[in-house]
């Protein structure tokens, strides 16, 4: 072997005692791939000074001597390796996969527990319970639990209990990622609505504005309406009628909402930029509309600014905030009102709801009706 360092008293072995396979063990790489002929040409910035009258063995000895660190980045021969974590690679945050008629993956309304977008630490149960108590106290001070908006239209503030809201979100999430789940509704001309939709019971087609047993673009059958949802609808109508009877008692003019056996539920998820223009829910059968069978709407997540009125004019429409847990009912004389969502108010969902149900930022809305 060649002695280390710059030479100082150390000689080079003669051919007689030089190891026969030494030449094959010369280092390979960008720095040492220069030919001996190139080395003979004279000193270079990346090799020690070598005289052209030395033998090939002496030249080889000089080449394998330790080199000084090279300053040029392109001459670096030992790349730095970074340890990769054994888990999956992180990906940029996004709102999730959005389904469509082209067969894209269904939209997931919940953030998975291992989702890299979810970096907020879970809060303690004590803190969550305190927030729930403050919410109940604030509700009792600021607004009546039931509000009469107009004939046939009742708003029930926080009618959906905490456990009900979490359960509804979890059930919709499971149904939404399965067959017949969430997708982005659109029209034949390529226009898309600004929310994700899932139909339960029967499918509603935005192009034909009619109901069917399957979705036209993939043939999927809508999932059934969970029985627990139907029970909440029944309880809400019963509570509304009790409220209307008490309100009409002095005038002895009882105005009740007809009972509803929902066989249709449209589940919409609005992101923070979602909205819905003024429209009428009039695609149900004539007997259903003639009886004034109500539409029952559940709101969960971020607050929506809801518009409603007798004419299709945003400037003349009334406004009301629909918060998480609110149930809105409109039937009877208000069955065919124009209504829509002008905007979603970001970051207004209760913290306890996003902690427990992992709902994505946005609003989940369920509207029940009878075909």
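Just so it is clear, glycine is given a Cβ too, placed from its N, Cα and C backbone atoms.
Keep in mind that what you see is a predicted model, and the values were worked out from it rather than measured.
Features as listed in TrEMBL:
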BINDING   279, 281, 339  Fe cation binding site
COMPBIAS  1-11  compositional bias 'Gly residues'
COMPBIAS  30-40  compositional bias 'Basic and acidic residues'
COMPBIAS  41-56  compositional bias 'Low complexity'
DOMAIN    261-371  domain 'Fe2OG dioxygenase'
REGION    1-57  region 'Disordered'
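The Cβ of residue 339 (Fe cation binding site) has 23 neighbouring Cβ atoms from other residues within 10 Å, across all protein chains displayed. Note on the domain 'Fe2OG dioxygenase' (261-371): its mean pLDDT in the predicted model is 97.
Same-chain residues that are not part of 279, 281, 339 yet have a Cβ within 8 Å of the Cβ center of the Fe cation site turn out to be 278, 280, 282, 337, 338, 340. Within 10 Å of the C-beta atom of residue 279 (Fe cation binding site) sit 10 other C-beta atoms, taking all shown protein chains into account. Non-local neighbourhood of residue 281 (Fe cation binding site): 295, 335, 336, 339, 367, 369, each in the same chain, at least six residues away, with C-beta under 8 Å from its C-beta.
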